[in-house]
Amino acid sequence: MSSSPFTNLGNLDTEAIYENKENEYQTNITNETSNVQNLSSGNDDQQYPNSTNDDANNGLTASQAKLQDIAAVTLFQDNNISTTTLAPPSPSPLRLNEAPRRRGRPRKYPPKPIDEGSEPIIKRKRGRPPKIKSSSPSTKLDDPLKPKRGRGRPRLHPLPVVQPSVDEGTTQNNLQMGLDEPNIIEGFAEGHANLSELKPKRGRGRPRKIKPEEGSSSQNGLSPLVVLPAKRGRGRPPLHRSEQKIANTPISNNVTVESTGTNLHTHSQLNPENEQSSSEFYSLNPQSEIRKEVVVTDQPLFSTADVPVKRKRGRPPLNKPKILFGTSTENKIDENRPKRGRGRPRLERPSGLPLDSKSQSLFKRKRGRPPKIASGIVPLSAFTRKHEDMLHDSDALSLKHFAITSPNNQQFLNNQQRESAPLLPRKRGRPPKKRQENAEIRNITPGLTDSSVHSSSATPQSESSSPNSVSPLLPSSDRLPLLRQSQFTPPPKKPNFEVAIISPKKSQHKLYPNPVVESVFNDVPYSEIDSQLHTIKSTIAARLCGKSHIPLVGHMDEQTKLYQWVRQTIVLGEGNSVIIVGPRGSGKSVLVDDILSRAAQEINEKSYVVRLNGTYQTDDKLALREISRQLSIELESIESDEALKSEMNFSDTLTKLLATLSHPVDLGIAEDVMTTSAAVIFVLEEFDLFVQHSRQMLLYNLFDIAQSRKAPILIIGLTTRYDCSESLEKRVKSRFSHMVIPMRPPSSLSEFEQILKSVLYVSDEGGKDQIITCWNQRVDELLSDTRSHLHKLVQHHYFASRNLKLLYVDLLFPILSMAPDRPLLADEDFANISLKVSDHKVELVKNLSLLELALLICAVRFEARDIPACNFNSAYQEYRQLHQSSVINAAASGALAHSSRLWGRDVALEAWETLGSIGLIIPVHPSTNVSGALSRQCQLWQPEVDINVVSVGLREHRRLPSHYYRWLKEVI
């Protein structure tokens, strides 16, 4: 049998053996772990150099063989220990009681040994520690008078300790019987098992006020406990709240409590010996600041000791009787006194006046206006010689002559004692005017006439001679009462002595024709006057409507430049292009018409004029069709129509149309270089709209023909935009001649009137026609007079817009309304210009919403800046800028809020299309098909109304913000 290290361990302690075994086991594990780490690092062959071939044959490495050896040694040692003959050691109680090791951080301190007699310690849980419950029977019961400690914040002021008091007689009896006071209290606590119910459980929050229980202290001769005030409820406190708490009284005592006001009276029917004890029986609250007096009286009263009910909110009911405790004769209410009602307080009746029906009617307050107090005015018939002294002293007039109240007419006549004051009640309405001191005084008798009044006032007479007359010796003092008429004479509507003051009217200036001029028409027959008047009316109406030429006034430099370029084109065959820029009404079209008419008279060469308008020719195809139509009329041929119908491109079609007008040398017709073909002058009105055409094909071909030697043409563009030349494409701009003529509007009122004279004047070739001469003189007379209505009308248009076309519209109706019986202009015809039929566009403008009106103002602002067309995007951007500037101005002026809001883009787009549907704005390209939101926003529109129509609509608009006027005035 092989020797083992565990064979001679019989005398050793088993615990030491197990400890040594555990230490060796831990040491071996540590060493083997380090060896395994060394083997993994590559030192297996050095530590096991003599590895057998069997291991190699089995496919095991040196490290794996070493691990097998360690496992075999460990298994062998365990088998030896388990098969030893030694008795197994008894397990240690420390190991048996030790709880299994859990995962986590190792224990810092080993567990303490547990005593055999002690109870196992329960593991402490999180949260509030549990209360320790003691099971010892020696624990005494808690004091029932001590409240239970509750949760929450500790009480700020501890409750007072209640000590029951014992009467003196009871104490002496207890002492004689050998009982002391603590035993009595202990017996009292044992006899009252439910005494703890007096102290409610202490709850969370604010400490509860303790309320006494009924009948808890009325026995055993104990005095009542100290009573704390009741818990203060929420809301408004009651109107009359007694702050004194009274304990229940014994049944044998008759107690009456009278609660009147703020005092508390207690009446008790007690013996004198018990008065002191009864007064001590009621204890006051020590915490109350104000204590009420307790008055004890011996007078017995018949009442009960009811506690007053808590007063409810609101007005007390009317049908509920008033409860009085301890009533007496002094507090009795008069039953005859009427019930107090709502409204104005009742007028008190004097004490000395008897209460009868007459006095009640006298002092009863009625509804409505109070009655008029009787006036001290005395009729004239009551005055005699003996009353003259009384008139000088107002104090001598006693009130006994006048009525106390205002009776009706029948009572007034039946009262014989008040004949001296026959006055009627004051009527409603405006009081009569104060009569003058020196005014004539009429007699109240119906028999007196106006003549007698004048005679009596002029010559004084005695009373006997004229009893019905007025005494002239009446005093002129201010204290003299005014006289009134009696009930028999109706009052006059207006006194004769009152004079109506009327301010004189200003003489209206009227301009009548000169009588010398009128005498001329007397010698002329009616038929001749009618024919001459018809000629004058047709000539001036054609000028006002733009159908005939108007003579140009001023602009001499502009006329010289344009005439020179026209002459070079017609005579020398040069091609040029020029743009005339200026605001509306400045005379651009008049300048072109004047130069063309002058060239037609002075130049013998043949030329043609083609007029195009960007408002009507919205695309190049329509413009080409209009050119072909006008040239075919001028040339009287059909080649233009055939060329238009052929399938050719735009440039070839335009070249073929102008082929007949090309240079003769190019066509091979003539060999003379000085010979030229007929010139063509293109007048393009609204030139900026042609610039907006796609690719600008029309302008490119016209400028290209003008720069080349194909045909002598002159392109004259009329526009209101000063930046129109900058909008040209690069290829079009390179072929433009860059010649611009600016035009300015009339700069003075005299120049404005001079232009109007040139329109209203009718030319007389020989000066032999007297009717035309009188017409021109009448025009000069009306325009030169500053008081005439025609001159005022011209001033209005000059300072408002300086637009002659608007003035022409106002002059058209008075001129066409002339007749042969009145062949000259009348100034009254121009005074009723404001009474003409209102424009329907003004009605449309004043019925617009605020958003629609704002967008229309933005479109008009663009037109005032010489931008006749705009789209929705530009109008909405202008609207946003105006709104932001208004908000900034309002904030700078100290306003808290702005009066209008900024509308969104979608809502504004609908409002913009509404303006187009009602005709206030019209599209520039009506023939194009608009589709999609982007096309709707980018489509060009131009306003159909001018700034004057919008300003009139703003004045008639209701509830319009002030900044809308400012937006419009910024461009005027």
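Using the three backbone atoms N, Cα and C, a Cβ is placed for every residue, glycine included.
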## Note on the structure
Between the ranges 26-38, 260-272, 364-376, 481-493, Swiss-Prot assigns DNA-binding region to 364-376
#### Entry: Candidate annotated in Swiss-Prot as phosphoserine, out of SER223, SER406
SER406
### Task
For the set THR85, THR329, THR405, say which residue Swiss-Prot annotates with phosphothreonine.
THR405
## Note on the structure
Cβ contacts within 10 Å for LYS547 (ATP binding site), all chains included, total 9
### Query
According to DSSP, which kind of secondary structure is LYS588 (ATP binding site) found in, if we only use helix, strand and coil?
helix
#### Entry: Fewest other Cβ within 10 angstroms of its own Cβ, chosen from the binding-site residues ALA541, CYS545
CYS545
### Task
Could you list the residues of the same chain, at least six apart in sequence, whose Cβ is under 8 A from the Cβ of SER586 (ATP binding site)?
MET743, ARG744, PRO745
### Summary
The predicted model's mean pLDDT over the DNA-binding region (231-243) is 63
